[in-house]
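Student: Below is one structure. I have some questions about it.
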Amino acid sequence: MVAATLCVMFAPTAAGPGIPEIKAYLNGVDTPNMFGASTLIVKIIGSIGAVSAGLDLGKEGPLVHIGACLASLLGQGGSDNYRLKWRWLRYLQNDRDRRDLITCGASSGVCAAFRAPVGGVLFALEEVASWWRSALLWRTFFSTAIVVVVLRGFMEYCDSGKCGLFGKGGLILFDVSSVSVTYHINDLLPVALIGIIGGVLGSLYNHLLHKVLRLYSLINEKGRTAKLLLSLGVSLLTSICLYLLPFLAPCTPCDPTLDAACPTVGRSGNFKRFNCPNGYYNDLASLLHATNDDAVRNIFSTGTPTEFRAISLLIFFAIYCILGLFTFGIAVPSGLFLPIILMGSAYGRLLALMMGSHIYIDQGLYAVLGAAALMSGSMRMTVSLCVIFLELTNNLLLLPIMMFVLLIAKTVGDAFNPSIYEIILDLKGLPFLEANPEPWMRNLTVGELAAAKPSVVSLGGIEKVVRVVEVLKSTKHNGFPVVDQGVPSPIGMPTGATELHGLVLRSHLVAVLRKKWFLKERRRTEEWEVREQFMSVDLAQKGPKIQEVVLTEDEMDMYIDLHPFTNTTPYTVVETMSVAKAVVLFRQVALRHLLIVPKYQGAGISPIVGILTRQDLIAHNILGAFPHLAKKEKSESTNS
């Protein structure tokens, strides 16, 4: 209840894992309030509350978001209201450095969650960042190295038991290095089967989760009370299931040859007594009545072929699938990593148990492979997952079959639907631009795309204040083409031709209105006049909204010279360029606006055909404007 109340009342952006929003931000999408101080505080406290409540979620996704929030706040000197003004922070104010910092924060969060420094770097490279360069590689590596050093220092301090369960197991969370891996030709088919099942189940999980999230969005629209009741209802359902289901499992006699205490004494262990007599344990209770980390250790345990019954693993897999579907999407910080690892490890061990003597690899290692396959089938990651699991389990001998399983699971999953993060991005309406445009975009020009949009709103080089205010209040555009009327001919005679001078941003227009830098007559200003009134910091800072600017009637009749505030070299494309090329240019250069100019220039021809933004280049938005392309794409996919 604490976690849900904090998210609903103070920071709604803290709910969920936060990874899709980080991906969108690093792709060039503005995600308001995603990295603020309130989001960070609620994310930390809410994660503690949600995980300790026993919900079927993990702390790994929230830790990635926490790392990104810390990086963002450190880079800008704190929150907007209490910001430090250190001089060196000005080097981190530009967008590229801020993106780099958030990428480092995300990789540090993965490293802290899994204690996998190299896996954290590769996760940022494969899953989070849209643009990568060599400088960013060593920066993320340096960040994760610091995380590991700090973690190790705390573990040494907590080794005497001063910190509870923190640091148990050291830097290797799920160590399976004690068992030797010997490959046999008979294991090739079961391992491939694990990958295929992982891909099918992962895509099915994505499909069902998509349906549940759409249902939850309808419930959440009813207000805060509905969000709280939904979260509390799922928590109650989880508690009832976790307590009652172990009664379905029979008691198992303890094996006297085992070194571990049976039944388990204490908080963690593989042999929970629950409702059994002395000398017996309940294997299902050992999984359901443990922390998520301990449950993974129990299923990954090696050299224990008779520890878990098939019916218990089946019940565990089924209930975690159901609870995972209904838990993700409620108003609490939640991660997908650990629930998927638990589901995958259960079906991997179950498959190994069913095959019995026909396999030569330990059941615990089959559980590791199942977890990796299901994660790859759902999240569609390969390289980073492979390294993370090797760092988690400390068994390099698993590398060949781990790579084999991950590639099969991803290939099978891609045949059915997108990754879970892409589905969430689409549900949230975040305009994420993929690296490769759709094939049908080659058959459409940017001129045709501009013609399907409302007419472009442009401003003159010297414009009346009332016109600027009217345009800002009547539109939500963030950029406006600046067009000069009556451009002189080469011999100095005025003509009726118009010229595209450049692009002016909404924020710069509001800054000029806020400072009331107006002219009484229609004229161009000199450079020194502008430098007296404006510094680069004035235009870079976030100012008030247009509704907060108050102007008198006399001021509304004055003029503004927009030439000094216009970007005179915006990216432009000819109207005959294909949309596919425009998408590649827009994404690779990380643009916000792309101006379309006519193929032929001359008197009476407007110098600007249209302007494209990120929303205009999203595939489903284009298909909505051109239904015949959607029908053609559908028929082509059916034929193929």
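Glycine too: its Cβ is placed from the backbone N, Cα and C atoms.
Any TrEMBL annotation is an automated prediction that lacks curation.
Quick paste of what TrEMBL says about this protein:
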DOMAIN    566-631  domain 'CBS'
SIGNAL    1-15  signal peptide
TRANSMEM  101-124  transmembrane segment
TRANSMEM  136-154  transmembrane segment
TRANSMEM  166-185  transmembrane segment
TRANSMEM  191-208  transmembrane segment
TRANSMEM  228-249  transmembrane segment
TRANSMEM  310-343  transmembrane segment
TRANSMEM  396-413  transmembrane segment
Student: Does the transmembrane segment (136-154) come near the transmembrane segment (191-208), with 3+ Cβ pairs under 8 Å (pairs 6 or more apart)?
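Tutor: These two stretches do not touch.
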Student: Tally of helix, strand and coil residues over the domain 'CBS' (566-631) according to DSSP?
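Tutor: Computed counts for the domain 'CBS' (566-631) are 25 helix, 12 strand, 29 coil.
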Student: Can you name the far-off residues of the same chain, 6+ from the ends of the transmembrane segment (396-413), with a Cβ under 8 Å from a Cβ of it?
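Tutor: Distal contacts: 180-181, 183, 187, 191-192, 194-196, 198-200, 202-203, 206, 361, 365, 368-369, 372-374, 376-378, 380-382, 385-386, 389-390, 419.
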Student: What is the average pLDDT across the domain 'CBS' (566-631)?
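Tutor: Across the residues of the domain 'CBS' (566-631) the model's pLDDT averages 88 on the 0 to 100 scale.
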